[in-house]
Structures are given as C-alpha cells and as structure tokens.
C-alpha cells in the first residue's frame, strides 16, 4: 500500500499552499513556518518513495481507484525519484535563504508551495494531459514568483516569460491533442502501445505530435533560438526565486521531455524519424555554443549563469536526441547535477548580493578575502560547471560526450562527433567565464593591503564604458547600496549578518547549505558507478 | 501556416478513415472546423508576435488557446451522437459523443483563465510603473532606467537576442 505515498507527496505542498493565506488573516508571518513544515514533509515523503523504489522497483498508483488507462496514474520510477529528491531538497534548502533575503509575506509562500506542488506532480504523473496541468501550475506560480518583488522590470520580465511559456505549454497541449486523436488514450504507457497498434511511427499525426511537444517543451526549457525570456526572468527575479527557479523549473521541463521521448514515443520512434532528431541535434548544438558564448560576454553574475543554463540544457536536449544509452545516462546525470550546481551558484551570488550588495563581476574584486567560504564554494561550484573532475558536472558532460562519439561510430553520421566537438568548445567558453569569476574573487587587488587600487579607476572607467547603465543598475538594487567606491576591498552592507565562526558577512544557515551543496556536487562526482546502477533499470527498460 | 494546414488535413484524413481521398475543396467545405482551428491558431500567434500592445498580446494568447480547445471539441464530435449523460439505470443504447475531450477542454479553460488573470495583473503593474503598455515605448524606458543593456555596447550577438 506504499503507493499511496505518491498522491500524498503531491497533495502535501498543494494543500499547504492554502494555509499561509488562510492563517495570514490572523498571523502576520505564518508563511515561512508553513512552507518549512510542508517542504520538510515532502523531503521525508521523497525519501520514502525513493526507498520503496529502491526496494521494489517502479511504484504506481491509480488516482481515485479508476484503473489506468482510463483513470490518471501516478508513477515513480528511478528517473522520477532522482528528480523528485532534487525538487524536495532544493525547495527545502531555498527556504533558509528566502527567510533572510525575502520576498516576505504570506502570499509569496503560497506561491512557493504551489510551485513545489506543481513540480512534484509534474515529476510523478503518468498521464500526458495531467502533465500539461502540472506544467501550467508550475508556470503560473513561476510567473507570479518572478514578479514577487513588485518592481516594474521584474513584472515586464515575468510577462515576457508568461507569453512565451504559455505558447510553449499550448504547443505541448496541441501535440498531446494530436497524439490523442491518433490513439484515443492519454496514459503514457498505454499510448506507447497504442501508437504501434492504431498508428505507426511514420504516421504524420504522430510525427506532428512529437514535433509539437518538443517545440513546446523546448520553449519552456529555453534552448537557443527561443531562450530570450530566460536571462531577463532569472536576472530580474528576487534572488531567492532565481535560486529555486533556475534549479528546478527548466529541469522539470527537461524531465518532461525525457519522459515523453522515451516512455511515450520510445527509442524506436526516434530511430525511425531521423529528420526530427537531426533538427533537435542542430538546435541543441546551437544552444550549447550560443549559450556559452553569450554567458562569457556578461558582466552581471546572475545573467552570466542564466545564459550558461541555456548551454547546459542544450547538452541535455542533445542527449535526448542522440538516443543511445550512454548519452541518455549522461543527460539524466547532467539534469540532476546541473540543477544542484545552479542552485549552489545562484545561492552563492544571492548571498554575496545580500551581504555585500554587489551583483556585478567588477564589484566583486577580491571577494575571497572578505568572504572566503562563500567565494570558495562559488569557485568550487563554478569549476564543477566547467566539468573539472571530480564533480557531477564532469560526469554528465563526459557521458554525453562519450555517447555522442559512440553514436557516430555506430553509424549515426557526423552529428554525434559534431556534438562532442561543440561540448568541448563550450567547456572552453565555460572555463573562460568561470575563470573570470575566480580571477576577480582571488587575484584582483592583490598586493594592496586592505584594499585594491583599481577600484576607483574602474568606477570612472565604467561610466565611460556603459554610460549611466551601471549607476542606475546600482540604484535599482534598492536597499542594497553598492559597496564600490569606498576604496575598501568589499564592504558589507549595513546590518549584514555576522557569525562567530567565519569572516563572511552572510547568513550562516544559508552559508552552511551553500558549502554542503558544493561538497555534495563533488561527492556525487565520486558516485558515478552508483548513479549508473541506480538508473540502470530505467535505461534497460527504455533500450530493451 | 502551411504546416498547421497540412496537419489539419492530416487530422481530417485520419478521421475520414477510409475515404481519405478528400480533395482540398472537400476539406474546406466538410472539415471547416479544422480550417477554423488552423486560422485561429495563426491569428493568435501573429497577434502575439506583431502587436506592440501587451494587453492585445494576451488577447492573442487567448485566441491561440481557444483554437486548441476547438480542435479537441471537434475531435470529440460523432455524427448523430447524443450528450454523454446517462441517467442511472438507463440502457446505453445511443451513440454518444466522446466525453473525454470535453473534460480536457474544461480543465484547459480553467488553466487559460488563471493565466489571463496573472497576465493582466502583470499588465496593471507595468502600467502603474511606466504609464504605457506598448512594448517599444516600454523598452526605451527600461533602457533609460538601466534595466535593459544598451544595445550597441555589447557585441552584436547579444543585442539581437537580449529582448525579443
């Protein structure tokens, strides 16, 4: 009867989402406590589901006792458990940061819990239309959260995301509609059978359906030509929101892509439709290159890592389109690893902005001197993003690269080698922007005791360079006045948290989580074989 | 546009099951709701892309979604089918239209309404802040404010992509 854990895991955050608003009538700040209790419960449930899956394989539950394929089915297998654990862990960990960084208020936490509930449902559902509903729950709560700091710029970024995201979800729905017309079912496993029985892999309706689903989810994932909403949304959102959105929302859409491609349409479909996979590979390659190159041009840290996400998700889409076992394993590992890395990076950036009021790369000169632990963790995570072993970032990229080469050697044409080359070039780009961060943190201003001489120059220099953009940027930070111009290395903002154990002027609980995340990414890097063992049942089922 | 039409024709021919040799004219006359679906879809998409007014973009979004609802409803239709409501104990002798797409569309309408609400709320916030809903004016204001990067300053590549 352990399958009842699945609906409970979805219901917990969704029901809890109503509480902050209801309790808000009486208590001023009930939101955080409710969210903390609900996400802790979700983490427990995720662990329970994980144990059940480890013990007995795939877990499934028929909602409302209507048996599938008529009723809606919830399914947890190795892949969904991995993403579910990521969702639970990140949503719990972000709360510690949200408590100190804001946005505050009960309605924010209602939206937060709705987002978490939507993500949980998206990961656990076994029904295509149900997946659309959860995709939209995730979407709507993300739009609301991005605009949660009530500034005009974030509202504009959020509206842009809303229009593009809704088109994406609608295209997905259209694709599901076509597949429904061809097969008359919505259950994923049933549709896998019915596509063969009632149609064929060459049926134009099925092909159009898959193409529309890929285009729709591609918009949500933000791959290159249709990524324009993503950097603005990540940059304008409040720091705590960026942390969870960057780590989970695109990840969940990419999970949906993997699920639909391999559970509904299967490897044979991809093999039978070269045209679709070739287009996907080209888009993925362009995404990897453009994302990395654009990231290397940015001076705002949040924007830099937002563009970097475009590149990393390009690799995951490439792994899906390559359709071989090694590449898919790499794609899944990179999906989880990238979520963890981006969570840590955006948390680190948020902490630096909170403690020192600095968001631009130039403002962060010798950050490692004033904030050695925060700077160190960000540097470690950045190196993980580059793919320096041992880090989970290395594992994912490595498997995708090996899978790409394998597919070429196995007669898959030059596309595989092309992807491998593109990944290599992108790694160099990633190294170039991560190295810029590390250089700023550790080497800028060396030899100037208690300060760094180039700070005053760089201010004047900035004004020539970028006009009033920079000054306005700083002013737009609101309460966080910039630390530059004082001549000191990196001056903490007034009232920044102080801790007895570390010199960093950042909130200690969030710092502990950041350091833990950094070590987790390295630790998981050593767990390559364990990860392979864990995903093996899913992969053998898919490639049977 | 042609892609959507092709797809609509594909839908039509599958539904015709057997009499798939319908000419383009037949498709226009007998499958007009699929044609309407494709037209609405394209009009909605065009409005979203081409109209500079944010509220009209949201109206375009609604048209786009309505087109998809129309596709589902059309697919459920059965010639001579009755409403799929069977009183308790009555024999199920009639032909019914398929109830599942109706349920799907009901759910999708709810989703669409909430999306419109969030979108309009954001429009109100933007109007309060900047006093305009036109994207071109808005973009200039945001650039003056420093919220958008100066276009020519950063390499050409970024300039093209920064704010579509």
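Quick reminder: no glycine exception, Cβ is built from N, Cα and C everywhere.
The transmembrane segment annotation in TrEMBL falls on one of the ranges A:54-71, A:108-125, namely A:108-125. Away from its own ends, the transmembrane segment (A:79-101) comes close to residues 9, 32, 35-36, 39-40, 42-43, 45-47, 49-50, 53, 108, 112, 115-116, 119-120, 123-124, 238-240, 243-244, 247-248, 251-252, 255, 258-259, 332, 335-336, 339-340, 343, 347, 350-351, 354, 497, 507, 509-510, 513, 517, 534-535, 538 of its chain (Cβ-Cβ under 8 Å, at least six residues beyond either end).
Most Cβ pairs under 8 Å to the transmembrane segment (A:6-25), among the stretches A:108-125, A:412-434, A:509-532, belong to A:108-125. Same-chain residues lying 6+ beyond the ends of the transmembrane segment (A:108-125) with a Cβ under 8 Å from its Cβ atoms: 6, 9-14, 16-18, 20-21, 31-32, 34-35, 38-39, 42, 72-76, 80, 83-84, 87-88, 91, 95, 98, 131, 133-135, 137-138, 140-142, 144-145, 148, 244, 248-249, 252, 255-256. Counting same-chain residues at least six beyond the ends of the transmembrane segment (A:412-434), those with a Cβ under 8 angstroms from any Cβ of the stretch are 278, 281, 284-285, 288-289, 291-293, 295-296, 298, 304, 308, 311, 314-315, 318, 322, 324, 382-383, 385-387, 397, 400-401, 403-406.
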